[in-house]
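*Asks:* Just lifted these from Swiss-Prot, have a look:
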- 40-221: domain 'FAD-binding PCMH-type' (DOMAIN)
- Arg186: active site (ACT_SITE)
- Ser235: active site, proton donor (ACT_SITE)
- Glu305: active site (ACT_SITE)
Amino acid sequence: MINFQLIDGEALLARLQPTLGGIKGKLTPNMDMQKVTWFRTGGLAELFYQPADEVDLAFFLQNLPESIPVTIVGIGSNLLVRDGGIPGVVIRLSAKGFGQVQQVSPTGFLVGAATADKHLAAAALEAEIAGFHFYHGIPGGLGGALKMNAGANGVETAARVVEVYALDRRGQCHTLSLADMHYSYRHCAVPEDFIFTAALLEGKPGNKGDIRAAMDEVALHRESVQPVREKTGGSTFRNPKDISAWRVIDEAGCRGLQIGGAQMSEMHCNFMINTGQATAYDLEALGETVRARVFAYSSHLLQWEIQRIGQFEQGRIVSSFDPFN
């Protein structure tokens, strides 16, 4: 049985004010998450917090009762917020407090977790540091890239990481080495409550002409094969071993498949798009339908790459496809 929690941000804010009155960041009750995610759909965040800086975030976490659930979101490019909203506190780092790109060595940067990937690529271009061009084609922020080991054009975030800096749910600081991140394909194995705040990244010497050419190639490829002007969350599913997700989706007849306002893109069928008025229910139901059809056709069990968070709207629950249960 699924329990549904009433979203009442005003009441939660009033409850927390006595202990959190000293924060400098912004607290917004009942935040419409449609304004945050690239799908432009989904429910409310009960209390939405944007910390002013790392000190502010640590103070907030240290004084937030442990009974209050915390959800971390980034730029929202690969995020689906369910229609029933997100109980508790949603934390999103702002570019103002966590968007620095500081060159700290001839080929190294200290980068805030709220930095847009494309801005990191641009900074590396100006500094003539190679190895960051692939970020020009990733529509997200560094925090999400660190979490998911984001990559493109054969390069992954793990190839650039030296150290990652994080706060845990209690507001304690942690420094993680590359080995501590335990990276694998689109995954890192660190505690779920860690909030990445920054990372030390290392590239290699380069020249502006070659770097710009590599970035242009990334942009041209992305424009030619991905529905970049649609309301989408990027790649819907991780690639199975030894084959592309789009190929098994296409072979199963799911290119263009539609449920409500949600559709698997005709241009790139591993991209799910909101054609106009899709609900989160439509999008998740479409994804699970694709998973079932692909498994029935080819026995490939697709795993979601898009992050799905929050609670379902009462009476509109999407069951996760499980062929073994």
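Every residue, even glycine, has its Cβ placed from backbone N, Cα and C.
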*Asks:* Let me know how many other Cβ atoms fall within 10 Å of the Cβ of Arg186 (active site).
*Replies:* 17
*Asks:* List the same-chain residues at least 6 positions away in sequence whose Cβ sits under 8 Å from the Cβ of Ser235 (active site, proton donor), in sequence order, or say none.
*Replies:* Asn78, Ala245, Asn270, Phe271, Glu305, Ile306
*Asks:* Tell me, how many other CB atoms lie within 10 A of the CB of Glu305 (active site), whichever protein chain they belong to?
*Replies:* 18
*Asks:* Which secondary structure state does DSSP assign to Ser235 (active site, proton donor), in the simple three-class scheme?
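*Replies:* Reduced to three states, the DSSP call for Ser235 (active site, proton donor) is strand.
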*Asks:* Between 0 and 100, where does the mean pLDDT of the domain 'FAD-binding PCMH-type' (40-221) sit?
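*Replies:* Across the domain 'FAD-binding PCMH-type' (40-221), the average pLDDT comes out at 96.
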